[in-house]
Structures are given as structure tokens and as C-alpha cells.
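Below: the structure, in C-alpha cells.
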Amino acid sequence: MVPTLLLMLAAVMVRAQDGPVYPDGSIRLVGGRNPTEGNVEVFYRGRWGSICDDEWDIREAYIVCKMLGYNRAVRATFNSQFGRGRDLIWMDNMFCTGREFRLDRCRFDGWGVHDCNHAEAAGVVCDGQRARAIAQGTPEASPNAIPAPPSAKTVIRLVTEKDLTIRLVGGRTTTEGRVEVRMPQGWGLICGDGWSIMEANVVCNQLRLGHAKAPVQSGTYGGHHKNMIISGVKCIGSEHNLADCLHDKVGQVFCPGEENIAGVVCSASLPDLVVDEKEIERTSYIDNIPMANLQCALEENCLSSSAYDRTRPGWQLQQRRVLRFTARIGNFGTTDFRPFLPKQSWQWHACHLHYHSMEVFAHFDIIDSRGTKVAEGHKASFCLEDNECHTNIPKKYACANYGDQGISVGCVDTYHHNIDCQWVDITDLRPGTYYFKVSVNPELKVSELSYDNNAATCIVHFDYVSAQVYNCTLGRP
């Protein structure tokens, strides 16, 4: 590992007329307050591009931080937390085992192949402690690291004692616009860096405009960067006033990007997905599947990392032990649940012979007593349709024949236990007792009335032949 890292640091940069040229696969962090955090950008064919946050998690973040010379990753970040991503997106659907020494050695859809936009940039926060081999040199000398912006400040989080008065300006209707905050010196803007559906929801609720349909992180609704007075806003989503959220000290603004202005689109009607936790308890069981029957599962990343190790003797003759279960998801909201991607961006999956309208609709995780994720299930996209509906509610959505996808109000989409990839691969886990969590819409990319029932967390006990799932409760992803 050390010779590889030193070799990366010794990579020679060739100066071109338009600036430095790095080796393909080089990475850097941008938009952070210091060199340990930021959106991840990767260099390929002479240009820097973003990485989409679909499938992005702590394993990919670990590879990034190790490449940059840090000991570990603190967390992975999503939704362009450190500012607007690039229009050029080089990587999507990253799948790392955690053992790779470079990010481009992980599996992904291919250079430039993606279904994302600049608001879905993946990022990381790394531990500030550098690995010994890197610390002996000058960190900024690495082609994979960049210094902090000159305007970076220490984060000072506080809670404002008085309520904040806010308004929406610049929208086409009264339910959308940039968010302005009233201060003694006048009205000011909020930085859109890290602005998410949670912060937008607090704004819409405070203004009595319903719920947030979409957060905005751009200059779409006008405004000027020099009028920005608050940055670093972070909410749970249930606060009654924006003042109840955490934020940087008023007037001490750090906001990368000239048009990174917070805005919202509000709506009175939204879907509300609910996981049927009792169905998970009733239908869970252990199954053993030969590798020969898992070609589709391999292609869609439905198995744990050891399944992709083709160097093992008799690899094709092995079996995978999986925890199967039925996922039943109902829409109890006030409008239909629709995928956020336009129909022309859906992906055809030849194995399952239908279009997938959401790249990440559900996560299935096994978690140990320390809270560490030790196994994960189906992270690939789903086909959304109405399987069952309440009396007098017609079925509207169906996957067949390139039909429209979604879940109608009062209807249920069911993924039966015998469907391919409807499992968690537990081959590498010791028998015992764990937590089992099933989350839908886990990245919160589709707005809902509430996210408090989007996940079922259960206790699972299994041995080599059977499993029991019980005590399931609903909560947030």
C-alpha cells in the first residue's frame, strides 16, 4: 500500500497551455472549508468532472480519503453538500469493496455514463489525521489534494434565540422563490451550500405553504451573492422556525459558488410512502442460491463484495446464503409517488426485462450491535407500479410495455420474496442476532409529507438454515 501511495504522490504533472494535466483517475475535493472535506471531482481525458451520489456510501468515501492520504473517512456526503457540482459528471453508481487503492478501480457504469445532474454531487469528510507515508511530505504537493479556499472559516454553530422572519422572492407563484431572511439591516439571502429537502421543508411549513416539493441551490430565482448573510443551515425537517435549525454565525458566511442561493418550491400535496413492517416479519427466511443462478444479481450489485472475487477456487460452484423477504410499500399521501427522473432517462435492464425508473429506491441493511453496517442488500433501481389498490381506486401505473411508473394514492407496490435481488446477502456473516433495516426513498430524492415511516428496523436472528425477524418498528431512513 505504501509504495503505491508514494508512487501516486510522485506522479509528474505535465503543464499544458490551459493549465496542469493530471493522470486519469486523479481526484480532488472542492467547496469544503478545509482540505479534509468537499465534493469529489475526478480527472479524465483532460477535464475535471463530478461523481454522482447514487450508490455512494462510506466505502467509496474511504477509498477517496485513502487516496488523499488520510487515515479514514468520517462520512460520505450527498446532494452537492459542498456546492453545485459540475455539469460534466464522470462517474455514477460506484460500487467499491473498500479494498481498492484507487477510485477508478471500483465498479461504475462507465466514464460519462450517468442519469444525474449538478445537484447530486458526491462528497466526503475525511479524518484530519494523515497517513504516515503522506505526512512526511507536503500534503498540498499531492496531485490529488487541493488547499482550502482562502475565505474558509472555522465552523461556529449556534441556535438563534429569536424567531427568524422569512419570505419567498422571485418565484412565478407565491409558493416558490429564493428564501430571504429579515435582519436589522434589511433582507438577506441564505447560502444554498448543503441546502436540502429538510431545510426547504422547514421554510414551507413556517410560511404555511404546505411541504417542500423541491429544494433549490442556484440563482434560478435571482438574488446576488453579496447579499448573503447566513450559511451552513442544517435542519432535521420538523422544526417550526428556521431559527431552530443549526447554522453558522450570522454574518460569517462561507458559500462556494456565485449563484449558490437557497430557494424552495412548496406544495400542499405530496406522496407519503409507508413500509409494511408486519409483512417483513411474516415473509423472511434463509435461502441458498448457486452462483450459476446469480448472473443478473451480479450485474445489479445485489451480492456482497466477496461474490465478485473470481480468484477463489471453485468460484462458480459456490452458493450464496441470502435473507429473503417481501417488501410491501403503500402510498398514504395526498398525491401519487412518481420517479424524479423523466421517462426518457429510465434505464432498460435486460435481466429483468423492464425499465427502472429510480436508480436507488430502497436499501436493505444488516447492522450489528455497535451500529456498523455489516451487510447490505438491493441498492439497484426498482420498477414502480400499482399491485394492489383500495376499493374503487383504479390501478394507474404498470411496468409492462414501457408504461408509466409510480405508486398511486391508496395503492401498494409489492416486491415478493421470490423475486431476484429481493434479499440481503449474509454469506459472510456469522450466525447471531442483528438489526435488519429496510428503507425506501432513502436518499429523499422524492419529496414526501413525512419520512418518519420510510424505514422498518427489525431484530433478525439467524443460523445456517433458518431466520426469525421480529419487533419491527417504523422510523426514518
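From the backbone N, Cα and C atoms, a Cβ is placed for every residue, glycine too.
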Residue among Cys191, Cys204, Cys296, Cys302 that, according to TrEMBL, closes a disulfide with Cys255: Cys191
Cys52: disulphide-bonded cysteine as recorded in TrEMBL, out of Cys106, Cys116, Cys126: Cys116
Spatial separation of Cys126 (disulfide bond) from Cys235 (disulfide bond) - C-alpha basis, Å: 22
Between Cys65 (disulfide bond) and Cys96 (disulfide bond), the C-alpha gap once rounded to whole angstrom: 13
Rounded distance in angstrom between the Cα atoms of Cys126 (disulfide bond) and Cys96 (disulfide bond): 17
Segment-level pLDDT (mean, integer) for the domain 'SRCR' (166-267): 89
Rounded Cα separation (Å) that holds between Cys191 (disulfide bond) and Cys96 (disulfide bond): 32
Under 8 Å by Cβ from Cys106 (disulfide bond), counting only residues of that chain that are 6 or more apart: Glu60, Ile63, Met94, Phe95, Cys96, Thr97, Glu100
